[in-house]
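Only one structure is covered here, and it is reproduced in the block below.
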Amino acid sequence: MTSEQYSVKLTPDFDNPKWIGRHKHMFNFLDVNHNGRISLDEMVYKASDIVINNLGATPEQAKRHKDAVEAFFGGAGMKYGVETEWPEYIEGWKRLASEELKRYSKNQITLIRLWGDALFDIIDKDQNGAISLDEWKAYTKSDGIIQSSEDCEETFRVCDIDESGQLDVDEMTRQHLGFWYTMDPACEKLYGGAVP
């Protein structure tokens, strides 16, 4: 794996309607009670309580994952017991993305990497340091974002930068950073057709 393969677009495009639409889509998906507002409570419920419990995480893995989710969405300004409406949510994402890109450019650990490490440990059932397509399918079935096997396989292909047939946490981090923060063209179709 060359460092060039892991280079990512570091300039955000916050005014791009597609970037805004991508985040609006997820805002609506994460709005568990469909009231037009989300809170850290909903984020943790959706990301940890539902997904992680469905994957059979150990108590230690679940705690690590929950801590990572709290830190990540806390970085976007989310708080327990405080409902956030769309305009505040997207502004929080802009702040989060800007800070994360600064960290990434300095080879510092990002919040998305910490979340990726925690999630990777749970998905990697055989603990061989890589995620197989079957392990990825089990994860995507539980998270509810990707509904079709075609989208699941497309996501796997986009993340498999080195074309090894397995995913490592560096590949996953790089692709998610590019997809959610900067709309890096190399990350398009990260969720197949499930997320714009």
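Note that Cβ sites are derived from N, Cα and C of the backbone, with glycine treated the same way.
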Select from 107-117, 129-139 the stretch of residues annotated by Swiss-Prot as region 'May interact with the chromophore'.
107-117
Taking 62-72, 183-193 as the choices, which stretch does Swiss-Prot tie to region 'May interact with the chromophore'?
62-72
Cβ within 8 angstroms of the Cβ centroid of Asp124, Asp126, Asn128, Glu135: which residues besides those meet this for the Ca(2+) 2 site?
Ile123, Lys125, Gln127, Gly129, Ala130, Ile131, Ser132
By CA-CA distance, flag whichever of Arg37, Asp126, Glu135 among the binding-site residues is nearest to Ser164 (Ca(2+) 3 binding site).
Glu135
For the region 'May interact with the chromophore' (62-72), what are the same-chain contacts with Cβ under 8 Å, counting residues 6+ beyond its ends?
40, 43-44, 47-48, 52-53, 96, 111-112, 114-115, 117-119, 121-122
For the Ca(2+) 1 site built from Asp31, Asn33, Asn35, Arg37, Glu42, further residues of that chain with CB within 8 A of the site's CB center:
Val32, His34, Gly36, Ile38, Ser39, Glu83
Hey, for the Ca(2+) 3 site built from Asp160, Asp162, Ser164, Gln166, Glu171, who else sits with CB inside 8 A of the CB center?
Ala130, Cys159, Ile161, Glu163, Gly165, Leu167, Asp168
Can you tell me how far the Cα of Asp31 (Ca(2+) 1 binding site) sits from the Cα of Glu135 (Ca(2+) 2 binding site), in Å?
27
